[in-house]
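Please read the structure below before turning to the comments.
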Amino acid sequence: MLPSQALLPAVVFALAALQALASDTFTAAVYEHTVILPDLTNEPVSPSEALALMNKNMDVLEGAIKEAAQQGAHIIVTPEDGIYGWRFTRESIYPYLEDIPDPAVNWIPCTDPSRFGPAPVQERLSCMARNNSIYVVANIGDKKPCDSSDSKCPGDGRYQYNTDVVFDTQGKLVARYHKYNLFGETQFNYPKEAEAVTFETPFGKFGIFTCFDILFYEPAVVLVDKMQVDTVLFPTAWMNFLPFLTAIEFHSAWAMGMRVNVLAANTHNTSMEMTGSGIYAPAGARAYSYNMKTEDGHLLIAELDAHPRLSSASPPAVSWNSYALSVEKFSQNDHEFTGIIFEDPFTFTELTKPEGDLTVCQKDLCCHLRYKMAEKRDDEVYVLGAFDGLHVIEGQYYLQICSLLKCPSTNLSTCGESVEMAQTRFEMFSLSGTFGTSYVFPEVLYSGVQLAPGEFQVLTDGRLISQNTTSKPVLTVTLFGRWYEKDPPLTDWTWP
(Lines of atoms letter the chains of each structure in order from A and count residues from 1; the text may use other names and numbers.)
(Lines give C-alpha, C1' and ligand atoms only; values in the text may rest on other atoms or scores of the structure.)
Protein backbone atom coordinates (compact mmCIF):
# COMPACT_ATOMS: atom_id res chain seq x y z
CA MET A 1 0.00 0.00 0.00
CA LEU A 2 1.25 3.46 -0.93
CA PRO A 3 1.70 6.02 1.83
CA SER A 4 -0.90 8.77 1.94
CA GLN A 5 1.69 11.38 0.88
CA ALA A 6 2.28 9.47 -2.35
CA LEU A 7 -1.44 9.16 -3.06
CA LEU A 8 -2.15 12.86 -2.61
CA PRO A 9 -0.77 14.11 -5.96
CA ALA A 10 -2.64 11.37 -7.82
CA VAL A 11 -5.89 12.25 -6.06
CA VAL A 12 -5.45 15.95 -6.79
CA PHE A 13 -4.73 15.20 -10.45
CA ALA A 14 -7.77 12.93 -10.73
CA LEU A 15 -10.05 15.55 -9.16
CA ALA A 16 -8.70 18.21 -11.48
CA ALA A 17 -9.27 15.98 -14.48
CA LEU A 18 -12.85 15.25 -13.40
CA GLN A 19 -13.49 18.93 -12.85
CA ALA A 20 -12.19 19.74 -16.33
CA LEU A 21 -14.29 17.01 -17.89
CA ALA A 22 -17.34 18.43 -16.14
CA SER A 23 -17.06 21.80 -17.92
CA ASP A 24 -20.57 22.80 -18.93
CA THR A 25 -19.62 25.64 -21.25
CA PHE A 26 -16.70 26.87 -23.28
CA THR A 27 -15.78 29.94 -25.26
CA ALA A 28 -15.41 29.52 -29.01
CA ALA A 29 -13.94 31.79 -31.68
CA VAL A 30 -14.00 31.83 -35.47
CA TYR A 31 -12.10 34.17 -37.74
CA GLU A 32 -13.25 35.21 -41.21
CA HIS A 33 -10.03 35.94 -43.07
CA THR A 34 -9.42 38.06 -46.17
CA VAL A 35 -6.84 35.77 -47.76
CA ILE A 36 -3.73 37.17 -49.40
CA LEU A 37 -3.69 35.29 -52.70
CA PRO A 38 -0.72 34.11 -54.75
CA ASP A 39 -0.08 35.39 -58.25
CA LEU A 40 -1.98 33.40 -60.85
CA THR A 41 0.49 31.01 -62.50
CA ASN A 42 0.64 27.45 -63.79
CA GLU A 43 4.30 27.14 -62.85
CA PRO A 44 5.35 26.14 -59.32
CA VAL A 45 7.06 28.85 -57.28
CA SER A 46 10.07 28.09 -55.09
CA PRO A 47 9.45 26.70 -51.59
CA SER A 48 10.74 29.94 -50.08
CA GLU A 49 8.30 32.02 -52.13
CA ALA A 50 5.45 29.72 -51.14
CA LEU A 51 6.38 30.00 -47.46
CA ALA A 52 6.67 33.78 -47.70
CA LEU A 53 3.05 34.03 -48.92
CA MET A 54 1.83 31.62 -46.26
CA ASN A 55 3.64 33.57 -43.55
CA LYS A 56 1.82 36.74 -44.63
CA ASN A 57 -1.50 35.03 -44.08
CA MET A 58 -0.34 33.41 -40.86
CA ASP A 59 0.75 36.83 -39.57
CA VAL A 60 -2.90 37.91 -39.82
CA LEU A 61 -4.22 34.66 -38.34
CA GLU A 62 -1.77 34.88 -35.46
CA GLY A 63 -3.12 38.30 -34.54
CA ALA A 64 -6.67 36.91 -34.48
CA ILE A 65 -5.55 33.90 -32.42
CA LYS A 66 -3.84 36.10 -29.84
CA GLU A 67 -6.87 38.35 -29.55
CA ALA A 68 -9.22 35.37 -29.19
CA ALA A 69 -7.03 33.87 -26.47
CA GLN A 70 -6.87 37.18 -24.60
CA GLN A 71 -10.69 37.24 -24.62
CA GLY A 72 -10.83 33.79 -23.07
CA ALA A 73 -11.49 31.60 -26.11
CA HIS A 74 -10.65 27.92 -25.68
CA ILE A 75 -10.64 27.14 -29.41
CA ILE A 76 -10.48 29.10 -32.67
CA VAL A 77 -11.38 27.98 -36.18
CA THR A 78 -9.79 29.60 -39.24
CA PRO A 79 -11.04 29.26 -42.83
CA GLU A 80 -10.52 26.79 -45.63
CA ASP A 81 -7.80 28.07 -47.99
CA GLY A 82 -6.95 30.62 -45.30
CA ILE A 83 -3.17 30.13 -45.51
CA TYR A 84 -2.47 29.98 -49.25
CA GLY A 85 -5.68 30.71 -51.17
CA TRP A 86 -7.07 28.85 -54.18
CA ARG A 87 -5.42 29.99 -57.43
CA PHE A 88 -3.69 26.69 -58.19
CA THR A 89 -3.20 23.83 -60.57
CA ARG A 90 -2.10 20.44 -59.28
CA GLU A 91 1.51 21.32 -60.08
CA SER A 92 1.55 24.89 -58.80
CA ILE A 93 0.17 24.04 -55.35
CA TYR A 94 2.86 21.46 -54.62
CA PRO A 95 5.39 23.88 -53.00
CA TYR A 96 2.71 24.86 -50.48
CA LEU A 97 2.13 21.31 -49.23
CA GLU A 98 3.64 19.56 -46.21
CA ASP A 99 3.70 15.96 -45.05
CA ILE A 100 1.14 15.85 -42.24
CA PRO A 101 1.48 12.71 -40.09
CA ASP A 102 -1.26 10.74 -38.36
CA PRO A 103 -1.88 12.42 -34.97
CA ALA A 104 -1.26 9.05 -33.30
CA VAL A 105 2.48 9.83 -33.56
CA ASN A 106 2.13 12.19 -30.55
CA TRP A 107 3.91 15.16 -32.09
CA ILE A 108 4.36 18.79 -31.05
CA PRO A 109 5.84 20.54 -34.11
CA CYS A 110 6.65 23.65 -32.07
CA THR A 111 9.21 21.75 -29.97
CA ASP A 112 10.28 19.11 -32.52
CA PRO A 113 9.82 20.75 -35.94
CA SER A 114 12.02 18.47 -38.10
CA ARG A 115 10.76 15.08 -36.91
CA PHE A 116 8.87 14.43 -40.16
CA GLY A 117 10.88 16.59 -42.51
CA PRO A 118 10.42 20.29 -43.24
CA ALA A 119 7.15 21.49 -41.71
CA PRO A 120 7.39 25.26 -41.15
CA VAL A 121 3.62 25.81 -41.42
CA GLN A 122 2.78 23.09 -38.92
CA GLU A 123 5.54 24.38 -36.64
CA ARG A 124 4.17 27.90 -36.67
CA LEU A 125 0.56 26.82 -36.13
CA SER A 126 1.65 24.56 -33.30
CA CYS A 127 3.51 27.44 -31.65
CA MET A 128 0.50 29.73 -32.04
CA ALA A 129 -1.57 27.20 -30.10
CA ARG A 130 1.11 26.51 -27.50
CA ASN A 131 2.10 30.13 -26.89
CA ASN A 132 -1.51 31.23 -26.48
CA SER A 133 -2.88 28.11 -24.70
CA ILE A 134 -5.70 27.72 -27.22
CA TYR A 135 -6.83 25.01 -29.63
CA VAL A 136 -6.07 26.15 -33.18
CA VAL A 137 -7.91 24.79 -36.24
CA ALA A 138 -6.44 25.51 -39.67
CA ASN A 139 -6.69 24.32 -43.27
CA ILE A 140 -3.50 23.41 -45.16
CA GLY A 141 -2.36 20.88 -47.78
CA ASP A 142 -1.03 17.36 -47.19
CA LYS A 143 1.20 15.38 -49.59
CA LYS A 144 1.69 11.63 -49.54
CA PRO A 145 3.90 9.58 -51.92
CA CYS A 146 2.46 6.55 -53.70
CA ASP A 147 3.65 4.09 -56.37
CA SER A 148 2.42 1.90 -59.20
CA SER A 149 1.33 -0.88 -56.81
CA ASP A 150 -1.52 1.47 -55.87
CA SER A 151 -4.06 1.46 -58.69
CA LYS A 152 -5.32 4.91 -57.67
CA CYS A 153 -1.83 6.49 -57.53
CA PRO A 154 -1.74 9.64 -59.72
CA GLY A 155 0.78 9.81 -62.54
CA ASP A 156 3.05 12.17 -60.62
CA GLY A 157 3.45 9.60 -57.83
CA ARG A 158 1.79 11.48 -55.00
CA TYR A 159 -1.55 12.19 -53.36
CA GLN A 160 -2.44 15.77 -52.52
CA TYR A 161 -5.18 16.43 -50.00
CA ASN A 162 -7.17 19.43 -48.83
CA THR A 163 -6.52 19.01 -45.11
CA ASP A 164 -7.67 20.37 -41.76
CA VAL A 165 -5.39 20.19 -38.74
CA VAL A 166 -6.03 20.81 -35.05
CA PHE A 167 -3.39 21.66 -32.43
CA ASP A 168 -4.21 21.57 -28.72
CA THR A 169 -3.15 24.03 -26.03
CA GLN A 170 0.29 22.38 -25.81
CA GLY A 171 0.77 22.62 -29.57
CA LYS A 172 0.27 18.88 -30.12
CA LEU A 173 -1.29 17.71 -33.38
CA VAL A 174 -4.56 16.11 -32.25
CA ALA A 175 -6.55 15.86 -35.48
CA ARG A 176 -5.98 15.60 -39.24
CA TYR A 177 -8.84 15.45 -41.73
CA HIS A 178 -8.66 14.97 -45.50
CA LYS A 179 -11.61 16.61 -47.30
CA TYR A 180 -13.82 13.95 -48.87
CA ASN A 181 -16.28 15.96 -50.98
CA LEU A 182 -14.23 18.25 -53.22
CA PHE A 183 -15.80 21.22 -54.99
CA GLY A 184 -14.06 21.27 -58.38
CA GLU A 185 -10.64 21.24 -56.67
CA THR A 186 -8.57 19.58 -59.38
CA GLN A 187 -5.35 20.31 -57.47
CA PHE A 188 -6.40 17.78 -54.81
CA ASN A 189 -7.20 14.07 -54.65
CA TYR A 190 -10.22 12.40 -53.11
CA PRO A 191 -9.38 10.18 -50.14
CA LYS A 192 -10.21 6.55 -50.85
CA GLU A 193 -12.59 6.50 -47.89
CA ALA A 194 -14.37 9.15 -45.87
CA GLU A 195 -12.66 9.89 -42.56
CA ALA A 196 -14.71 10.35 -39.37
CA VAL A 197 -12.25 12.46 -37.37
CA THR A 198 -13.01 13.23 -33.74
CA PHE A 199 -11.08 14.23 -30.64
CA GLU A 200 -11.92 14.75 -26.97
CA THR A 201 -11.39 17.95 -25.01
CA PRO A 202 -12.21 19.05 -21.46
CA PHE A 203 -15.20 20.85 -23.00
CA GLY A 204 -16.78 18.17 -25.17
CA LYS A 205 -16.24 15.88 -28.11
CA PHE A 206 -15.35 17.54 -31.40
CA GLY A 207 -15.61 16.48 -35.03
CA ILE A 208 -14.22 18.19 -38.12
CA PHE A 209 -14.94 18.42 -41.84
CA THR A 210 -14.61 21.00 -44.61
CA CYS A 211 -16.98 23.18 -46.65
CA PHE A 212 -18.81 21.07 -49.29
CA ASP A 213 -18.73 18.07 -46.91
CA ILE A 214 -21.64 19.56 -44.98
CA LEU A 215 -24.07 18.68 -47.77
CA PHE A 216 -23.34 14.94 -47.65
CA TYR A 217 -23.92 11.99 -45.34
CA GLU A 218 -20.23 11.14 -45.12
CA PRO A 219 -18.57 12.44 -43.07
CA ALA A 220 -20.95 15.11 -41.77
CA VAL A 221 -23.96 13.08 -40.63
CA VAL A 222 -21.78 10.15 -39.55
CA LEU A 223 -19.93 12.39 -37.08
CA VAL A 224 -23.15 13.58 -35.48
CA ASP A 225 -25.35 10.48 -35.56
CA LYS A 226 -22.82 7.70 -35.13
CA MET A 227 -19.84 9.38 -33.46
CA GLN A 228 -22.07 11.59 -31.27
CA VAL A 229 -19.89 14.70 -31.40
CA ASP A 230 -20.98 17.76 -29.44
CA THR A 231 -19.40 20.39 -31.69
CA VAL A 232 -18.45 20.47 -35.38
CA LEU A 233 -15.41 22.44 -36.55
CA PHE A 234 -16.05 23.77 -40.02
CA PRO A 235 -13.39 25.60 -42.06
CA THR A 236 -15.04 26.72 -45.30
CA ALA A 237 -14.66 28.83 -48.43
CA TRP A 238 -18.39 29.27 -49.03
CA MET A 239 -19.76 31.13 -52.03
CA ASN A 240 -23.23 32.38 -51.17
CA PHE A 241 -26.23 31.29 -53.23
CA LEU A 242 -29.54 32.93 -52.38
CA PRO A 243 -32.23 32.01 -51.53
CA PHE A 244 -31.19 28.85 -49.59
CA LEU A 245 -27.42 28.44 -49.55
CA THR A 246 -25.98 31.56 -48.02
CA ALA A 247 -23.42 30.58 -45.43
CA ILE A 248 -25.15 31.99 -42.37
CA GLU A 249 -28.62 30.60 -43.10
CA PHE A 250 -27.57 27.09 -44.10
CA HIS A 251 -24.89 26.59 -41.47
CA SER A 252 -27.13 27.85 -38.67
CA ALA A 253 -29.99 25.69 -40.00
CA TRP A 254 -27.71 22.64 -40.09
CA ALA A 255 -26.77 23.19 -36.45
CA MET A 256 -30.47 23.34 -35.56
CA GLY A 257 -31.44 20.33 -37.64
CA MET A 258 -28.54 18.18 -36.40
CA ARG A 259 -28.77 19.53 -32.81
CA VAL A 260 -25.04 20.25 -32.46
CA ASN A 261 -22.78 23.28 -32.18
CA VAL A 262 -21.14 24.41 -35.42
CA LEU A 263 -18.08 26.70 -35.56
CA ALA A 264 -18.04 27.95 -39.15
CA ALA A 265 -15.10 30.07 -40.35
CA ASN A 266 -15.40 31.38 -43.89
CA THR A 267 -12.87 33.04 -46.16
CA HIS A 268 -13.69 36.63 -47.09
CA ASN A 269 -13.68 37.69 -50.73
CA THR A 270 -16.54 39.86 -51.90
CA SER A 271 -15.69 39.48 -55.60
CA MET A 272 -16.43 35.76 -55.23
CA GLU A 273 -19.34 36.36 -52.81
CA MET A 274 -17.45 34.62 -50.02
CA THR A 275 -18.55 35.79 -46.59
CA GLY A 276 -20.61 34.55 -43.68
CA SER A 277 -19.14 33.02 -40.53
CA GLY A 278 -20.76 32.08 -37.28
CA ILE A 279 -20.89 30.31 -33.95
CA TYR A 280 -24.10 28.31 -34.01
CA ALA A 281 -25.95 26.33 -31.34
CA PRO A 282 -28.98 24.05 -31.81
CA ALA A 283 -31.25 26.80 -30.51
CA GLY A 284 -29.84 29.42 -32.90
CA ALA A 285 -26.87 31.60 -33.73
CA ARG A 286 -24.75 32.80 -30.80
CA ALA A 287 -22.71 35.11 -33.06
CA TYR A 288 -22.52 35.59 -36.82
CA SER A 289 -21.27 37.98 -39.47
CA TYR A 290 -22.21 38.53 -43.13
CA ASN A 291 -20.35 41.38 -44.85
CA MET A 292 -20.40 42.04 -48.59
CA LYS A 293 -19.53 45.74 -48.21
CA THR A 294 -15.89 45.76 -47.07
CA GLU A 295 -12.84 43.51 -47.34
CA ASP A 296 -12.16 43.39 -43.60
CA GLY A 297 -11.53 40.21 -41.67
CA HIS A 298 -13.72 39.57 -38.64
CA LEU A 299 -13.31 37.77 -35.31
CA LEU A 300 -16.36 36.27 -33.59
CA ILE A 301 -16.38 35.00 -30.00
CA ALA A 302 -19.25 33.40 -28.07
CA GLU A 303 -20.00 30.99 -25.26
CA LEU A 304 -21.51 27.57 -26.04
CA ASP A 305 -22.83 24.60 -24.10
CA ALA A 306 -20.16 21.91 -24.09
CA HIS A 307 -22.76 19.15 -24.41
CA PRO A 308 -25.68 20.72 -26.28
CA ARG A 309 -27.86 17.59 -26.36
CA LEU A 310 -27.91 17.66 -22.55
CA SER A 311 -28.69 21.36 -22.36
CA SER A 312 -32.16 22.54 -21.36
CA ALA A 313 -31.91 25.04 -24.24
CA SER A 314 -31.53 22.28 -26.82
CA PRO A 315 -34.68 21.86 -28.94
CA PRO A 316 -36.42 18.47 -28.81
CA ALA A 317 -36.29 15.93 -31.61
CA VAL A 318 -38.69 16.62 -34.48
CA SER A 319 -40.92 14.36 -36.57
CA TRP A 320 -40.61 16.41 -39.72
CA ASN A 321 -43.66 15.11 -41.60
CA SER A 322 -46.02 14.43 -38.68
CA TYR A 323 -48.21 17.51 -39.03
CA ALA A 324 -48.16 17.69 -42.82
CA LEU A 325 -49.27 14.06 -43.20
CA SER A 326 -52.11 14.49 -40.72
CA VAL A 327 -53.90 17.41 -42.35
CA GLU A 328 -56.07 17.62 -45.39
CA LYS A 329 -54.59 19.50 -48.30
CA PHE A 330 -55.16 23.18 -47.97
CA SER A 331 -56.78 24.89 -50.91
CA GLN A 332 -54.60 25.04 -53.98
CA ASN A 333 -55.03 28.21 -55.97
CA ASP A 334 -54.80 28.61 -59.72
CA HIS A 335 -51.45 30.36 -59.74
CA GLU A 336 -49.08 27.40 -59.98
CA PHE A 337 -46.08 27.71 -62.26
CA THR A 338 -42.52 26.43 -62.62
CA GLY A 339 -39.43 28.39 -61.64
CA ILE A 340 -35.72 27.62 -61.32
CA ILE A 341 -33.54 27.88 -58.20
CA PHE A 342 -29.88 26.89 -58.59
CA GLU A 343 -30.83 24.89 -61.72
CA ASP A 344 -33.55 22.95 -59.85
CA PRO A 345 -37.14 23.15 -61.24
CA PHE A 346 -39.49 24.22 -58.42
CA THR A 347 -43.26 24.19 -58.48
CA PHE A 348 -44.51 27.56 -57.21
CA THR A 349 -47.84 29.02 -56.22
CA GLU A 350 -48.34 32.74 -55.63
CA LEU A 351 -49.52 34.27 -52.36
CA THR A 352 -52.26 36.41 -53.93
CA LYS A 353 -54.02 37.37 -50.69
CA PRO A 354 -52.83 39.05 -47.50
CA GLU A 355 -53.52 35.85 -45.56
CA GLY A 356 -54.46 32.27 -46.28
CA ASP A 357 -53.72 28.55 -46.38
CA LEU A 358 -51.84 27.17 -49.38
CA THR A 359 -50.51 23.85 -50.63
CA VAL A 360 -48.06 23.16 -53.42
CA CYS A 361 -46.87 19.67 -54.35
CA GLN A 362 -44.11 18.11 -56.42
CA LYS A 363 -43.74 14.33 -56.65
CA ASP A 364 -44.06 12.97 -53.10
CA LEU A 365 -43.58 16.31 -51.36
CA CYS A 366 -46.50 18.55 -50.45
CA CYS A 367 -45.70 21.85 -48.74
CA HIS A 368 -48.31 23.50 -46.53
CA LEU A 369 -48.31 27.19 -45.57
CA ARG A 370 -50.54 29.23 -43.27
CA TYR A 371 -49.67 32.93 -43.27
CA LYS A 372 -50.78 36.46 -42.57
CA MET A 373 -48.93 39.48 -43.91
CA ALA A 374 -48.75 42.65 -41.87
CA GLU A 375 -49.54 44.40 -45.16
CA LYS A 376 -50.04 43.03 -48.67
CA ARG A 377 -47.95 45.22 -50.97
CA ASP A 378 -48.64 45.54 -54.69
CA ASP A 379 -44.94 45.95 -55.47
CA GLU A 380 -43.78 42.69 -53.83
CA VAL A 381 -44.61 39.11 -54.79
CA TYR A 382 -44.18 36.05 -52.58
CA VAL A 383 -44.53 32.43 -53.57
CA LEU A 384 -44.67 29.03 -51.91
CA GLY A 385 -42.35 26.56 -53.62
CA ALA A 386 -41.68 22.82 -53.56
CA PHE A 387 -38.80 20.79 -54.99
CA ASP A 388 -38.45 17.01 -54.73
CA GLY A 389 -35.57 15.64 -56.78
CA LEU A 390 -31.89 15.14 -57.52
CA HIS A 391 -29.76 18.26 -57.63
CA VAL A 392 -27.06 17.76 -60.28
CA ILE A 393 -25.08 21.03 -60.41
CA GLU A 394 -21.63 20.96 -58.76
CA GLY A 395 -22.36 17.63 -57.12
CA GLN A 396 -25.31 15.25 -57.05
CA TYR A 397 -27.54 15.06 -54.01
CA TYR A 398 -31.25 14.52 -53.38
CA LEU A 399 -33.29 17.40 -51.99
CA GLN A 400 -36.79 17.98 -50.66
CA ILE A 401 -37.42 21.69 -50.11
CA CYS A 402 -40.44 23.70 -48.97
CA SER A 403 -40.01 27.46 -49.11
CA LEU A 404 -41.86 30.72 -48.75
CA LEU A 405 -39.78 33.26 -50.67
CA LYS A 406 -39.84 36.74 -52.10
CA CYS A 407 -39.45 37.22 -55.84
CA PRO A 408 -37.05 39.91 -57.13
CA SER A 409 -39.88 41.66 -58.98
CA THR A 410 -43.58 41.39 -59.74
CA ASN A 411 -42.65 39.43 -62.87
CA LEU A 412 -43.25 35.81 -61.87
CA SER A 413 -40.50 34.61 -64.21
CA THR A 414 -37.96 36.09 -61.75
CA CYS A 415 -39.14 33.98 -58.81
CA GLY A 416 -36.26 31.91 -57.48
CA GLU A 417 -33.59 34.39 -58.55
CA SER A 418 -31.34 36.10 -56.03
CA VAL A 419 -32.85 38.94 -53.99
CA GLU A 420 -31.43 40.56 -50.84
CA MET A 421 -33.98 43.23 -49.86
CA ALA A 422 -37.68 43.11 -48.97
CA GLN A 423 -40.29 45.30 -47.30
CA THR A 424 -43.04 42.85 -46.30
CA ARG A 425 -43.33 41.71 -42.70
CA PHE A 426 -45.49 38.75 -41.69
CA GLU A 427 -47.75 38.69 -38.64
CA MET A 428 -47.51 34.90 -38.68
CA PHE A 429 -46.40 31.95 -40.76
CA SER A 430 -46.51 28.17 -40.35
CA LEU A 431 -44.65 26.03 -42.89
CA SER A 432 -44.57 22.22 -43.04
CA GLY A 433 -44.06 19.42 -45.55
CA THR A 434 -44.58 15.71 -46.15
CA PHE A 435 -40.87 14.96 -46.00
CA GLY A 436 -39.56 11.48 -46.69
CA THR A 437 -36.35 12.27 -44.82
CA SER A 438 -35.68 12.99 -41.16
CA TYR A 439 -32.84 15.36 -42.10
CA VAL A 440 -34.50 18.76 -42.48
CA PHE A 441 -32.87 22.11 -41.78
CA PRO A 442 -35.04 25.14 -40.85
CA GLU A 443 -34.08 28.53 -42.27
CA VAL A 444 -35.51 32.01 -41.84
CA LEU A 445 -33.74 34.84 -43.63
CA TYR A 446 -34.65 38.50 -43.26
CA SER A 447 -34.09 41.45 -45.57
CA GLY A 448 -30.45 42.41 -45.92
CA VAL A 449 -29.39 38.76 -45.50
CA GLN A 450 -29.93 38.70 -41.74
CA LEU A 451 -30.81 35.79 -39.48
CA ALA A 452 -33.86 35.82 -37.22
CA PRO A 453 -32.64 34.46 -33.88
CA GLY A 454 -35.40 33.93 -31.35
CA GLU A 455 -38.19 34.85 -33.75
CA PHE A 456 -39.18 31.38 -34.95
CA GLN A 457 -39.32 27.83 -33.65
CA VAL A 458 -39.82 24.32 -34.93
CA LEU A 459 -42.57 22.33 -33.26
CA THR A 460 -42.08 18.62 -32.63
CA ASP A 461 -44.66 17.84 -35.35
CA GLY A 462 -42.49 19.49 -38.03
CA ARG A 463 -44.05 22.94 -38.30
CA LEU A 464 -41.72 25.92 -38.68
CA ILE A 465 -43.66 28.78 -37.10
CA SER A 466 -43.12 32.45 -36.31
CA GLN A 467 -43.07 33.42 -32.64
CA ASN A 468 -44.81 36.72 -33.33
CA THR A 469 -44.87 39.43 -35.99
CA THR A 470 -41.56 39.37 -37.82
CA SER A 471 -39.34 42.26 -36.75
CA LYS A 472 -37.88 42.65 -40.22
CA PRO A 473 -39.15 41.99 -43.76
CA VAL A 474 -38.87 38.37 -44.87
CA LEU A 475 -36.72 37.05 -47.71
CA THR A 476 -37.25 33.31 -47.19
CA VAL A 477 -38.77 30.82 -44.78
CA THR A 478 -37.48 27.37 -45.72
CA LEU A 479 -37.41 23.73 -44.71
CA PHE A 480 -34.37 22.36 -46.54
CA GLY A 481 -34.46 18.56 -46.61
CA ARG A 482 -31.65 16.17 -47.54
CA TRP A 483 -32.70 12.64 -48.47
CA TYR A 484 -29.27 11.01 -48.25
CA GLU A 485 -30.54 7.51 -49.00
CA LYS A 486 -31.47 8.60 -52.53
CA ASP A 487 -28.04 10.04 -53.37
CA PRO A 488 -26.10 8.30 -56.15
CA PRO A 489 -22.89 6.59 -54.99
CA LEU A 490 -20.01 9.02 -54.62
CA THR A 491 -17.90 6.96 -57.02
CA ASP A 492 -20.42 7.67 -59.78
CA TRP A 493 -19.31 11.27 -60.05
CA THR A 494 -16.04 11.95 -58.26
CA TRP A 495 -13.45 9.46 -59.44
CA PRO A 496 -12.12 9.85 -62.97
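Glycine too: its Cβ is placed from the backbone N, Cα and C atoms.
TrEMBL lists 1-22 with the feature signal peptide. Feature annotation from TrEMBL assigns domain 'CN hydrolase' to 36-306. Per TrEMBL, active site, proton acceptor is recorded for GLU80. Per TrEMBL, active site, proton donor is recorded for LYS179. Annotation comment: TrEMBL describes CYS211 as active site, nucleophile.
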Rounded Cα distance, in Å, between LYS179 (active site, proton donor) and GLU80 (active site, proton acceptor) is 10
All chains considered, the count of other Cβ atoms within 10 Å of the Cβ of the residue listed as 'active site, nucleophile' is 26
Same-chain residues at least 6 apart in sequence with Cβ under 8 Å of the Cβ of GLU80 (active site, proton acceptor), in sequence order, are ASN139, ASN162, THR210, CYS211, PRO235, THR236, ALA237, THR267
One finds that other Cβ atoms within 10 Å of the Cβ of LYS179 (active site, proton donor) number exactly 26
Mean per-residue pLDDT in the domain 'CN hydrolase' (36-306) works out to 97
